[in-house]
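Quick one: structure below, then a few questions.
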Amino acid sequence: MAIVRALRVPLRLRPRFSSLSSIAGSISTLVIGEHEGGAVKAPTLSAVEAAKYLGEGNSVSVLLAGTGSSLQDAAEHAASCHPSISQVIVADSDHFVHHLAEPWARLVQLVQQREGYSHIVTVSNSFGKNVLPRAAALLDVSPITDVVSISGPNQFVRPIYAGNALSTVRYTGNSPCLLSVRSTSFPEPTVAADFRAEKAPISQDSIRKSRYVKLTSQETERPDLGNAKVVVTGGRALKSAENFKMIEKLAEKLGAAVGATRAAVDAGFVPNDLQVGQTGKIVAPELYLAFGVSGAIQHVAGMRDSKVIVAVNKDSDAPIFKVADYGLVGDLFEVIPELLEKLPEK
Amino acid sequence: FDQEKKIKNRESFSFWIPSQSNVCCPFKLTLSSLIVARVEHLSPPAKMKIMVAVKRVIDYAVKIRVKPDKSGVETQNVKMSMNPFCEIALEEALRIKEAGLASEVVAVTIGPKQSIDTLRTGLAMGADRGIHVEATGDLFPLAVAKLFKALVEIEKPGLIILGKQAIDNDCNQTGQMVAGLLGWPQGTFASKVVLDKEKQEVMVDREVDGGLETVCLNLPAVITTDLRLNQPRYATLPNIMKAKSKPVKKYTPEELNVGTKSDLEVVEITEPPKRKAGVLVSSVDELIDKLRNEAHVI
């Protein structure tokens, strides 16, 4: 049964520190949550799922911030969306409408100082990457970011060198242990759970030295790149934004998301949020099709965990063929139309 | 709560207290409930200094090898370079200075003795001065951020620019931590930076999951750079020669009063699981057949 609580923060803050080893057995996790349109977003559920691996009897609280009825609806949803969630904390203030790092990090610090969790978890998407390290600095602890595997309350594996090596690290510091996890490594389960939630609105103030101006994004009906089952990616060989429409057509046929290499984004064929790679999005779909992609280390870093990789490239020496399960040496301008013709409708 | 006194001009002060509108259980903030009042010293705009972090890493094109004893990645006889995101950070600082909006660009590196090479590259690109904090051993971002904060308190820059991540440990933490420790606003993953010296603000376009987000930050601020912010310049030979005589100040963590003992321990470094070797198909028909009947993905 999940309880939604108001957060009342005392003006005099009593920091609570305890070493992790002394609280073994009393693990409690705060998940930094995101919501949209009155529901908790999928990445938050990945973070909740990851929290399970921290230890037995881990009680998970989800922290949501924002304002208005969509926040309250999201809190209701959070209270029932995963069996591990025992509490939802709501921070209701217009400081959180645009999820800036400064008020958010301060909020996490205050919640931690009040509640004393052993772990704080978020997903390593652009929100988590922006907020978690700042919160860690305020709490004076080293965070462990982009975790792909958790083997207990203080041992984690994270990729380094564009995923060409894996680093196993042990956290030996004070509570809380802060981590961000890759959502592709902790896929959210499909669960239906029972709930009864009490809610109370809370107030949370924060210093504002930054302000949100706008978001420019593309309208699309394609599934979200981060969790699509099929991804079709184009590289610089597409030669133009006009040609990239072929990739989009193929994606539509397959019910897939569209991805791109850095070269294609730099050349202006597609916007930045389609970039797959070491410093772009990390994806791990069932099927990844790469057209005109050379397979540079930095791109492979973003898709190497895909279940099946298909590569089409005119150059038989392209490095992409080393990582592909199925490779076709050929001209994408001939192959894609042929695929469009011969593939069944999704 | 923290409170900031923002000095609007030299003659008067203005207190800025967070607004309490639209909250359901308002706090009553009185002067007696202030916990910390911090005075921010704003350098006169004409003399704004930019501090840029540069890191020495294995070159981005090198295929790395994991040591057989799992203690780390092989760095002996391997090409080292300035982290690509740091090059972009330095380039941006130089462009801001060339536009007349800053008076000095200071490049900072924190690392072992050989890091001086990267610093010299930065000076050759056009930084005015260098600072080398010589520290050996595994330095995690929190220690780096604390060392940076100590330097900021000495140098008092109006803007700090770092690369969003180092391509060796791919942490993407240091910039955010520096901003948090200093209580400065942050503009991470910047693809465009526009400084307004008069308003003492900077507009930053950020590359985020949903597209491009624009934020406006009060100076002083911390910015971390993303790939598309700019194309860094090459150091020309005359500049490489000039760089030899540019001043470099050295510090140690002890001199800066920063402890570098970490709360993280590297247990081992391993290779990622290898994928099964793939096959080449010879036609679209064969590809579709394999995807349907062998891989079962369509």
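The backbone N, Cα and C atoms fix where each Cβ goes, and this holds for glycine too.
These came from TrEMBL, pasted as-is:
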{"type": "DOMAIN", "residues": "A:29-211", "note": "domain 'Electron transfer flavoprotein alpha/beta-subunit N-terminal'"}
{"type": "BINDING", "residues": "A:Arg236, A:261-262, A:275-279, A:292-299, A:Asn313", "note": "FAD binding site"}
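Map the listed features onto the structure and describe their local environment.
Within its own chain, A:Ala296 (FAD binding site) has A:Thr261, A:Pro319 as residues 6 or more apart in sequence whose C-beta sits under 8 angstroms from its own. A:Ala296 (FAD binding site) falls outside any helix or strand according to DSSP and counts as coil.
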Can you name the residues of this chain that are 6 or more positions from A:Gln275 (FAD binding site) yet have a C-beta less than 8 Å from its C-beta?
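Listed in sequence order, they are A:Gly259, A:Ala260, A:Thr261, A:Arg262, A:Val265, A:Lys281, A:Gly302.
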Just name the binding-site residues among A:Arg236, A:Gln278, A:Val293, A:Ala296, A:His299 whose Cβ comes within less than 8 Å of a chain B Cβ; none is a fine answer.
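Listed binding-site residues meeting the cut-off: A:Gln278.
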Reduced to three states, what secondary structure does DSSP give A:Gln275 (FAD binding site)?
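In three-state terms, A:Gln275 (FAD binding site) counts as strand.
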What's the most sparsely packed of the binding-site residues A:Arg236, A:Gln278, A:Val293, A:His299, counting other C-beta atoms within 10 A?
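Looking at the binding-site residues A:Arg236, A:Gln278, A:Val293, A:His299, the Cβ with the fewest others within 10 Å is that of A:Arg236.
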